[in-house]
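Copied from TrEMBL, the annotated features are:
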ACT_SITE  8  active site, nucleophile
ACT_SITE  10  active site, proton donor
BINDING   8, 10, 133, 134  Mg(2+) binding site
BINDING   8, 9, 10, 16, 17, 18, 19, 50, 51, 52, 53, 107, 108, 134  substrate binding site
BINDING   89, 91, 104, 106  Zn(2+) binding site
SITE      50  site 'Stabilizes the phosphoryl group'
SITE      107  site 'Contributes to substrate recognition'
SITE      108  site 'Stabilizes the phosphoryl group'
């Protein structure tokens, strides 16, 4: 069994850029290589799961998504922080063209990307995690039986502030200001298990 940390991409690993698909626009968030390296050294597999509705909307193609992932991983590999696998959903149920406009299991909060990863990795769900900056990330992780973390980067801090303002109970297991804090919590939790 393998311990896996699933990661959202935009707003979690890199700066949120509306429909990011150009390598020139990719900016990793501060501390991301360090956090990923920490998790790798602690024995976790790293898997990105990302909704890419820009494909469905016709803003860019699947090749652009794959090229961006290769480029991102090249940068991360140089810092000892490579990603083991990237999974993306190119669909959208309402705003899409051709075969991309459809309801699917892979679009978060669905669990299809996790299920695809399970074909490659023997996932130890009780000791695996999902990290993201949106509620749909943590809802997807919860549905798949993972421990979930909302990070304060991207949209996360706004979600957290709204929950506190409205007195709502979080749907995630832990809130971390950034990916480094999330990695530290995962590693501490792993040592306690």
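Using N, Cα and C of the backbone, Cβ positions are placed for all residues, glycine too.
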Close recorded positions near residue 91 (Zn(2+) binding site), where close means Cα within 10 Å, chosen from 19, 53, 107: 53, 107
Cβ-based neighbourhood (8 Å from the centroid) of the Zn(2+) site, residues 89, 91, 104, 106 excluded: 51, 90, 102, 105, 107, 110, 112, 113
Candidates 50, 53, 104, namely the recorded positions, that fall within 10 Å of residue 133 (Mg(2+) binding site) by Cα distance: none
Cα-nearest neighbour of residue 17 (substrate binding site) within the listed recorded positions, 8, 10, 106, 107, 134: 10
Residues satisfying Cβ distance under 8 Å from residue 134 (Mg(2+) binding site), sequence separation of at least 6: 8, 11, 154, 155, 156, 159
For residue 106 (Zn(2+) binding site), nearby residues of its own chain (Cβ under 8 Å, 6 or more apart in sequence): 87, 89, 91, 112, 113, 116
Cα distance (Å, whole number) from residue 10 (active site, proton donor) to residue 19 (substrate binding site): 9
Nearest of the recorded positions (10, 104, 107) to residue 51 (substrate binding site), judged by Cα-Cα distance: 107
Minimum Cα separation from residue 10 (active site, proton donor), reported as the residue among recorded positions 50, 53, 104, 107, 108 that achieves it: 50
Cα separation, residue 53 (substrate binding site) to residue 104 (Zn(2+) binding site) (Å, whole number): 12
Residue among the binding-site residues 17, 53, 89, 104 whose Cβ has the most other Cβ atoms within 10 Å: 89
